[in-house]
Amino acid sequence: MSSAAEKKPASKAPAEKKPAAKKTSTSVDGKKRSKVRKETYSSYIYKVLKQTHPDTGISQKSMSILNSFVNDIFERIATEASKLAAYNKKSTISAREIQTAVRLILPGELAKHAVSEGTRAVTKYSSSTQA
């Protein structure tokens, strides 16, 4: 085997790999395959951006980072709420578990704002479904 010092450096960067999702090729029996959909928070992030900064855009890389951030926070809250429900011998995660999980995960003032916004959103949803 040759050592690493003898190898030639790569002449160009490797080709970027494209994601294999969203294929519409035909299968063996001639039927079209359904597209694989990847759910993201991109449209919601974009709507919030336009509400706060109407003249500002966002790159795909930034959108990907924010999407990962939202997924991470969602997973942390869900995991903590699940633990809280298990501690209290409950099989259902209620708004109370979510609220407590948010208070445990998010620091100080951020938790207070998140709880108040969450309460406001649940109240708004409840009033719209009853009307």
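Placement of Cβ uses the backbone N, Cα and C atoms for every residue, glycine included.
Owing to the predicted nature of the structure, the values given are computational and were not obtained by experimental measurement.
Annotation source Swiss-Prot lists compositional bias 'Basic and acidic residues' at 1-19.
Here Swiss-Prot flags K7 (among others) as SUMO cross-link.
If you look up Swiss-Prot, you'll see K8 (among others) marked as SUMO cross-link.
Taken from Swiss-Prot, the feature SUMO cross-link applies to K17 (among others), supported by a curator's inference.
Here Swiss-Prot flags K18 (among others) as SUMO cross-link, drawing on a curator's inference.
In the three-state DSSP scheme, K124 (ubiquitin cross-link) falls into the helix class. Here the Cβ of K124 (ubiquitin cross-link) has 10 other Cβ atoms within 10 Å, regardless of which shown protein chain they belong to. Annotated ubiquitin cross-link per Swiss-Prot: K124, in sequence order.
The N6-acetyllysine feature in Swiss-Prot is assigned to K8 (among others); the stated evidence is experimental evidence.
The phosphoserine annotation in Swiss-Prot covers S11.
As annotated by Swiss-Prot, N6-acetyllysine applies to K12 (among others).
Annotated N6-acetyllysine per Swiss-Prot: K17 (among others), in sequence order.
What Swiss-Prot lists as N6-acetyllysine is K18 (among others), and the listing cites experimental evidence.
What Swiss-Prot lists as N6-acetyllysine is K22 (among others), and the listing cites experimental evidence.
What Swiss-Prot records for K22 is N6-butyryllysine.
What Swiss-Prot records for K23 (among others) is N6-acetyllysine, and it gives experimental evidence as the kind of evidence.
Feature annotation from Swiss-Prot assigns N6-methyllysine to K23.
When other Cβ atoms within 10 Å of the Cβ of K35 (N6-succinyllysine) are tallied across all protein chains shown, the result is 10. Annotation comment: Swiss-Prot describes K35 (among others) as N6-succinyllysine, evidence class experimental evidence.
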